[in-house]
Amino acid sequence: MAADDGDPTKFAAIYDSSSPSHPLLSKPSTSALDSPRRSDPESDPTQFLQISYNFGPRTFKDIPFLLLFDLLVLSTFGFGIFSIFHRNSDYGSSSSFTYDFTSSSCVKNSTFTKISDGYYWASSSVMYGMVSSSDSVFEKNLIWTLVVTLILSVPFCFSVLLLLKHYTKQIVYACLPLFVIFPIFFNVYWFVACTLSPSCSDALPLAYRILVLVFVFLIIGIIVWIIVANWHRIELTIQIISVASDALSKNLKLFVVLPLLTLGLVVYYAPIVVFLVFARFNGKFVPRELDGHYFCEWKEDSWVPAYYALAILTMLWSLAVMVEMQVYVISGAIAQWYFSKEDSVPKKCIRSSLRNAFGQSFGTICVSGLLICIVRVVRAIVDNAREENPQGIVNLVLRCCANALLGALDYLNKFTINFAAITGEAYCTSAKMTYELLRRNLLSAVFVETVSTRILTGIVFVLSAAYAVATWAVLRGVSNLGIDSYLVAILAWLLLIVVLAFFVHVLDDVIDTIYVCYAIDRDKGDVCKQEVHEVYVHLPISRSTRSSLIPNALNA
């Protein structure tokens, strides 16, 4: 980001707001702003450059990663189509092949009947029909309950958003006691119900029931401790949630675009799954010898395992890319709202974000998705290795090094895709500029407000638990499911939890985006959204910056 040494005219030309090559950077302000970034006199002057939203045309970034991702996708689909046309139709017919001692190979019988298989199929069909008839009532109630829950989840999310926008304080303070009351109620209820039920009490002795009861109460105690320890930040959290809910309510089309992106990922996955199934059909029957007896065994072609690895890698990377693309679209839409004029919402802001996400910034999204994919895979390997072999100083050192590396990658990726959506810069440039932006404005590059996520998660748990109880009461009144009504209510609760968790994820991304936009405002000494500054100014400053300010203050 630094200009060439010894050429101030080139430096001014590069960072001029009228420069077409760098439209997101504006000329540094000459006014003396009362900003924390002025507190370090030894800082590089290029760190004071003001950043602004790039509304203009953007250039393609991170093209090598874009080409690599496209190559993996095209290879997956190409070899998948090949596997369909190259499949062996004899797969699954091992009983029709016998070993021929003359040719020392497996040959297919000329005549073969499947009477036993037909009898087995008929017997299985009769048994399946008996089972299906006995479970038809349960399946019918389960399907209808899940369908109704999925339909009601849409207005449910909008209602929660409006309540959080207008009545945040009332909702939070009303739900805080329920964070403890609901777990206590369910804990005592299952203990009493299991004690009164002969089958449950026989399967779970009294000592184990008491042990589980005490363990759950300990977890509830931890929840109470977390609430008490963070009580002084409740008011700030309420204001942050209110601001984020207001911003999200101005971009309601995100609730249409984001599920469509997820649906697009499912449609994209469908042919890959078909390719993986047909890849198994590529091979032949080969003879095998065991204890002097020869038989025929199916052997896949040598390229099939490699294709499985390629397809799974492509699916994992595509999933991470879709997650980052959703963050990019959210960040772009919210940032356009933030930097627009008061009481006005930019037209086609979501369409603009989608165009940038699938166009000029797709390579940047691929880089971020690849890093996230690597972090998740390595973390899963480390956790699996810890469970299999937890002892040994070498394993301990390797786990510490892996965790340090993964933590560094998480630190690098924090806010980077949000910044890239705002500026259109490449991934590495966005990571560097984000870190410098937050550092010189005394803002943390890691911490925004974790309490808001915890409170939103608690609200989701309370609302979904209340819905599950209502669902169970309705099922007990209109059906004869008996004890199966508990299972149906739990599944409805899980479905609503998933939908509301998606809503919380979107709201968290909105909070992060507003945080970056606030940092840009603070860096320029500007105020685009006064209500945001009144809230985010109370966030704690970076601990590292706070420690460096003490010697400077003493020297002053």
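Every residue, even glycine, has its Cβ placed from backbone N, Cα and C.
Now, the feature entries from TrEMBL:
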type	residues	note
REGION	1-45	region 'Disordered'
COMPBIAS	17-31	compositional bias 'Low complexity'
TRANSMEM	65-85	transmembrane segment
TRANSMEM	142-164	transmembrane segment
TRANSMEM	171-190	transmembrane segment
TRANSMEM	210-231	transmembrane segment
TRANSMEM	252-278	transmembrane segment
TRANSMEM	307-340	transmembrane segment
TRANSMEM	455-475	transmembrane segment
TRANSMEM	487-507	transmembrane segment
Segment-segment contact (the transmembrane segment (455-475); the transmembrane segment (487-507)) at 3 or more Cβ pairs under 8 Å: yes
Chain residues outside the transmembrane segment (307-340) and at least six past its termini with a C-beta under 8 angstroms from it: 52-53, 55, 69, 72-73, 75-76, 79-80, 83, 247-248, 250-251, 254, 257-258, 261-262, 264-265, 268-269, 272, 275-276, 279, 346, 349-350, 352-354, 356-358, 361, 365-366, 368-370, 372-373, 376-377, 417-418, 420-422, 506, 509-510, 512-514, 516-517, 528-529, 532
Contact call for the transmembrane segment (65-85) against the transmembrane segment (252-278), three or more Cβ pairs under 8 Å: yes
